[in-house]
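> The structure follows.
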Amino acid sequence: MAQHLDDANRKHVENFGDKGKLVLSPPSKKLIVVTCMDARIDTSSAFGLNEGEAHVIRNAGGRVQDSLRSIIVSQRLLATNEIAVVQHTDCGMLTFKNPDLQGILAEQHPEEKDKIDSIDFLPIPNLEGGVREDVQWLKEHPLVLKETVVTGWVYDVKTGKVSQVA
Ligand SMILES: [Zn+2]
């Protein structure tokens with residue numbers, strides 16, 4: 001089923017070069033990028049990130065609340081000091097509200113309704129507002145290092161361009 005992963009990896013290994021010499025250490029740009037899992041976004045190409053340079057945390061919407069565990073590990077154990085929050089145009093997370101998805105799930109799994117209703121899927125009410133909200137959330141969170149530089153960006157899936165909004 002996932003044979004294509006193995007096939008693609010063979011080419012990757014052929015071109016791996018000396019990247020095996022990279023060691024477990026703080027990423028050289030000391031940067032965390034939080035962005036959406038959307039399959040249209042190629043983070044290394046879009047943000048000019050090579051192996052060893054940054055931590056990229058991806059989830060549905062690129063929401064920071066869902067990234068906190070990784071952000072803490074990155075900051076406290078691997079010395080990153082900057083976070084770029086990148087959400088994007090045409091994001092699926094702009095298209096529904098919690099009750100919509102909770103309703104679909106509860107229909108299929110009525111016995112799990114309580115559990116389902118306790119999940120916040122973190123949909124985004126509006127794009128730029130969502131980015132600003134997430135940047136603010138990080139700046140105010142007691143477990144995010146105070147000296148962290150936090151910026152917010154919108155990635156346009158039609159042009160590949162990022163624009164800073166916070
Ligand atoms: Zn998205």
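The backbone N, Cα and C atoms fix where each Cβ goes, glycine too.
According to TrEMBL:
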type	residues	note
BINDING	Cys36, Asp38, His88, Cys91	Zn(2+) binding site
> Below 8 Å Cβ to Cβ and six or more residues apart, same chain only. Which residues does that give for Cys91 (Zn(2+) binding site)?
Cys36, Asp38, Gly61, Gly62, Ile124, Leu127
> Looking at Cβ-Cβ distances, which residues of the chain lie under 8 angstroms from His88 (Zn(2+) binding site) while being 6 or more apart from it?
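Those within reach of His88 (Zn(2+) binding site), by Cβ under 8 Å and sequence separation of 6 or more, are Thr35, Cys36, Asp38, Ile41, Gly62, Leu127, Val154, Tyr155, Asp156, Val157.
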> Setting Cys36, Asp38, His88, Cys91 aside, what same-chain residues sit with their Cβ within 8 Å of the center of the Cβ atoms that define the Zn(2+) site, listed in sequence order?
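Here the nearby residues are Thr35, Met37, Arg40, Ile41, Gly61, Gly62, Gln87, Thr89, Asp90, Gly92, Met93, Tyr155, Val157.
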> Starting from each candidate's C-beta and looking 10 angstroms out, tell me which of the binding-site residues Cys36, Asp38 has the most other C-beta atoms.
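When each Cβ's neighbours within 10 Å are tallied, Cys36 tops the list.
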